[in-house]
Amino acid sequence: LPLLLEATLLRLASGSHHPFYNGFYYNHLMNDKGNGQEEVDYFNGAKLVVETSKDPVYSSNGANVTLPCHYHYEPDMEAKPKIRIKWSKLRDDYTKDQDVLVAIGKTYMAFGDFQGRAHLRQVSRREASLVISDVRLQDDGKYRCEVIDGLEDESDVVDLQLQGIVFPYQPPRGQYKLNFHEAEQVCQEQGAILATFNQLFQAWSEGLDWCNAGWLADGTVQYPIRLPRKPCGGLHLAPGIRSYGPRHRHLHRFDAFCFSSGLRGEVFYLDHPAGMTLEEAKQTCQDAGTEIARVGQLYSAWKFLGLDRCNAGWLADGSVRYPITKPRANCGPAEPGVRSFGFPSKGRFGVFCYKER
């Protein structure tokens, strides 16, 4: 890149947070009528308008997605050839936005985890849409499209939502044993990430009811209740998300709410007439050219692929579970779900294996 362009891109990438109206391209002036109403005086006589999708954009793990963004002027005028565009991702904890991509003309630079996965789509006039390939779980969230034309700076926000499933998780050593960082780690080990509040709320609206408090991605501790009861906040409280608020990320210990999206492969069940120990189960998956499935993969296969198996099987964390989409006799409760036998130290079971496509 030419030195001037490179310096401009670096300034854009490290720039401070831009609100929707930053005051640089117009002045607020009191009118002469004394009625307290404001008139807006635009420097160049035209207002820059940026528009994104008002509805969420949905995607899934491993897919490609386009976040739409277009701009125009009111009244209409010809745009400058060197319009600058910046995409950033808003953080759930309201700390500094994460830089995604900056561009001047047809030259752009992506940052962090978006390097090699993000580029602009500009197939139509005054388009600044962002294309993200190989979508990852952590890509879920709100994105700001910002257009800069000289002193004029305008932006709008689009919401990218991954279609997925939230599941509660506690490690083999028992309930309320995880600090925040350990909760992040165990979710990653299960092919998932810590859920956001919006993801937990969506799961609650779809029927999730869980009385154990768990960490969320913003460092708060919450739990979803559909049927109020005494041990879960009391009978007098309405259904909803119970919150302990932010907790100390090192000292306080709870369970975790993990989020997993669609699979890039398939989960299937293998068995042996005499059953298998955990180590035998892992070896059986390896012999089949696969790996033993993780908890998040089993939940995703149950929700998105309709996996239904009334046979308990080992998973990578040492737990034994089975997924039921069509409840029936001798297969547990009357509701669909992933049943758990916990973390048995003894016993012989089948195994759920996972194979990438």
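Backbone N, Cα and C atoms are what each Cβ position is placed from, and that goes for glycine too.
Because TrEMBL annotations are produced automatically, they should be read as predictions rather than curated entries.
Noted from TrEMBL: CYS232 is disulfide-bonded to CYS211, selected from CYS211, CYS258.
Shown are the disulfide-bonded residues CYS232, CYS331; of these, the residue with the fewest other Cβ atoms within 10 Å is CYS331. In the domain 'Link' (266-355), helix, strand and coil residues by DSSP number 20 helix, 26 strand, 44 coil. Taking Cβ-Cβ distances under 8 Å and a sequence separation of 6 or more, the neighbours of CYS211 (disulfide bond) in its chain are TYR223, ILE225, ARG229, PRO231, CYS232. Across the residues of the domain 'Link' (266-355), the predicted structure has a mean pLDDT of 96. CYS310 (disulfide bond): 15 other CB atoms within 10 A of its CB, across all protein chains.
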